[in-house]
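> Sequence annotations record features per position, and here Swiss-Prot assigns pyridoxal 5'-phosphate binding site to Ser78, Gly79, His80, Gln205, Tyr257, Thr260 based on experimental evidence. Among the features that Swiss-Prot reports, L-alanine binding site is placed at Ser155, with the record citing experimental evidence. The glyoxylate binding site annotation in Swiss-Prot covers Ser155, Arg356. Annotated N6-(pyridoxal phosphate)lysine per Swiss-Prot: Lys206, in sequence order, evidence recorded as experimental evidence.
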Amino acid sequence: MEYKVTPPAVLREPLVTPNKLLMGPGPSNAPQRVLDAMSRPILGHLHPETLKIMDDIKEGVRYLFQTNNIATFCLSASGHGGMEATLCNLLEDGDVILIGHTGHWGDRSADMATRYGADVRVVKSKVGQSLSLDEIRDALLIHKPSVLFLTQGDSSTGVLQGLEGVGALCHQHNCLLIVDTVASLGGAPMFMDRWEIDAMYTGSQKVLGAPPGITPVSFSHRAVERYKRRNTKVKVYYWDMSLVGDYWGCFGRPRIYHHTISSTLLYGLREAIAMACEEGLPALIARHEDCAKRLYRGLQDAGFELYADPKDRLSTVTTIKVPQGVDWLKAAQYAMKTYLVEISGGLGPTAGQVFRIGLMGQNATTERVDRVLQVFQEAVAAVKPDVQVKGKM
């Protein structure tokens with residue numbers, strides 16, 4: 001029988017992967033130690049060596065999250081998978097969920113929750129600000145939700161949401177708290193148990209500096225008990241916490257096959273977490289906060305205006321208002337074409353309004369802050385020469 005579709009000519013060409021400096025909102029550049037780990041031989045998804053690596057990762061995630069939750073594991077997915085899984089496991093048809101909206105990820109979580117049959121309510125913060133505890137309390141009283149969803153660090157707006165006291169407040173109202181820490185973990189304090197957070201997830205490709213595609217997640221005892229009281233099965237097999245948790249050895253039952261996990265991604269994530277543990281959370285967070293302050297000073301000294309309120313700024317993603325008359329896309333293209341430096345535009349509610357500069361993982365250094373400041377100022381001046389940039393680094 002004749003094969004009429006021929007091998008594509010493009011696959012006879014060599015693979016090209018330029019070495020770019022990723023100073024956008026993620027992914028960040030992976031350390032060489034992570035890349036080296038990922039070149040190791042592939043293992044089977046139930047080989048004892050693979051299960052040992054998974055156990056190592058679980059312990060590391062508990063440290064990063066500051067939790068002792070037994071239901072701590074990883075999903076074979078991007079950070080969106082964490083959002084899907086936390087919502088999918090804790091919501092049933094008709095359940096009221098309150099979304100704390102500080103940017104695009106409030107919109108995305110509301111969309112997902114609607115698809116799972118939830119009754120979605122939204123409380124919006126002021127532009128560029130986080131929600132206060134009083135605003136959250138008032139919304140809980142009005143809407144009486146069974147779940148509150150918050151994004152600790154919204155990468156679209158550069159806003160850091162305060163969390164201390166929110167979990168206790170939720171539990172006074174018989175409400176569970178879900179928190180997205182994809183863009184914030186390692187760049188801001190996080191105490192999952194102390195702050196009484198019930199479900200939380202992060203991304204592998206931000207501060208941790210591993211490739212995207214594997215997402216740490218954790219569920220509290222309260223969340224597990226809520227899951228056990230469900231009247232219906234979790235709507236998506238792939239996200240079911242009991243099934244994935246059994247694969248990860250969380251509940252004391254025999255480990256079962258759930259899906260074929262990427263051993264390569266496990267290697268990279270393990271080493272990325274090991275590096276974070278070696279540095280330690282206090283030093284890791286301080287490094288990101290110090291670099292962010294250096295970036296803020298440099299931008300403001302050059303005459304740029306920051307988008308987020310000073311008291312609510314996220315250290316890992318800085319949002320800069322696009323100066324009048326500047327085409328943000330042309331400026332970003334200039335930075336990439338001239339220097340192979342990634343600078344991003346806005347997302348969702350900030351699309352066309354801001355630039356976004358990310359300082360994450362090994363890109364959170366004084367040298368890279370100074371580099372991105374230099375490139376950013378030159379790029380803006382190049383596409384709009386009459387914009388006054390006060391000085392160059």
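Even glycines carry a Cβ here, placed using N, Cα and C.
Help me picture where these features are in the structure shown.
Annotation for Tyr257 (pyridoxal 5'-phosphate binding site): spatial neighbours His45, Leu46, Tyr247, criterion Cβ-Cβ under 8 Å with sequence separation of six or more.
Listed in sequence order, Pro25, Gly26, Gly103, His104, Trp105, Val182, Ala183, Leu314, Thr316, Val317, Leu347, Arg356, Gly358 are the same-chain residues six or more apart from Ser155 (L-alanine binding site) with CB atoms under 8 A from its CB. A coil conformation is recorded for Ser155 (L-alanine binding site) in the three-state DSSP classification, outside any helix or strand.
According to DSSP, Arg356 (glyoxylate binding site) sits within a strand segment.
Cβ environment of Lys206 (N6-(pyridoxal phosphate)lysine): Gly26, Pro27, Ser28, Val182, Ala183, Leu185, Gly186, Gly187, Thr316, Gly358, Met360, Gly361 lie under 8 Å away, each six or more residues apart in the same chain.
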> Based on the record's binding annotation for pyridoxal 5'-phosphate (Ser78, Gly79, His80, Gln205, Tyr257, Thr260), what whole-number value in Å is the widest Cα to Cα distance?
26
> Need the DSSP three-state call for His80 (pyridoxal 5'-phosphate binding site) to compare against my parser.
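The three-state answer is helix.
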> Comparing the binding-site residues Ser78, Gln205, Thr260, which residue's C-beta has the most other C-beta atoms within 10 angstroms in this structure?
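Max Cβ neighbours within 10 Å, all protein chains included: Gln205.
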> Counting every protein chain present, what is the number of Cβ atoms, excluding its own, within 10 Å of the Cβ of Gly79 (pyridoxal 5'-phosphate binding site)?
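Its Cβ shell of radius 10 Å holds 27 other Cβ atoms.
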